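K.L.:
My structure is below; once you've seen it, I'll send some questions.
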């Protein structure tokens with residue numbers, strides 16, 4: 001109650017039609033119309049639209065009441081009790097709207113986080129695929145590098161075997177030619 005009294009003093013000193021004052025963990029919104037100050041306390045410092053709409057609706061409803069339009073208004077218990085029910089309805093309506101907007105804001109945030117996570121997972125999968133390709137290429141190069149000296153040794157052995165065969169065949173042909181030439185006496189013995 002002390003905070004409300006302090007807020008009302010500040011509002012009266014400022015003499016502005018609308019004010020927003022933060023005190024402690026609450027934000028106080030006021031609307032001043034025709035000499036009447038309407039006050040609403042909120043615990044959400046970011047939302048200024050909902051309290052302003054509540055105060056506007058309450059003031060319109062209050063001023064439409066025929067008893068309130070009397071020049072020298074002094075609230076009776078009957079009027080206060082009736083208007084308490086009206087205030088209760090408005091508070092339920094605007095608190096529900098605030099909960100709905102909070103839920104939709106949370107749903108929106110969850111959707112945003114979900115989208116970011118999906119994008120990140122897609123990027124991770126793409127990177128994994130590229131890493132697998134890179135790993136396969138590296139394995140192929142390592143296998144080729146390990147097999148290369150072996151292949152050279154095998155190819156060298158095969159070449160020497162063929163070379164030896166060629167030399168043996170060449171020697172055999174030369175000897176055959178020499179024997180033929182000696183037998184025909186083309187070459188003197």
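Numbering starts at 1 and runs along the chain as displayed.
Glycine residues also receive a Cβ, built from the backbone N, Cα and C atoms like all the rest.
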K.L.:
What range among 144-165, 166-187 does TrEMBL describe as transmembrane segment?
P.N.:
166-187
K.L.:
What is the average pLDDT across the domain 'Longin' (1-87)?
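P.N.:
Across the residues of the domain 'Longin' (1-87) the model's pLDDT averages 75 on the 0 to 100 scale.
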K.L.:
With a Cβ cut-off under 8 Å, give me the same-chain residues at least six positions beyond the ends of the transmembrane segment (166-187) that come close to it.
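P.N.:
Distant Cβ neighbours of the transmembrane segment (166-187): there are none.
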K.L.:
Looking only at the domain 'V-SNARE coiled-coil homology' (102-161), how are its residues distributed among DSSP helix, strand and coil?
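P.N.:
The composition, in the requested order, is 60 helix, 0 strand, 0 coil.
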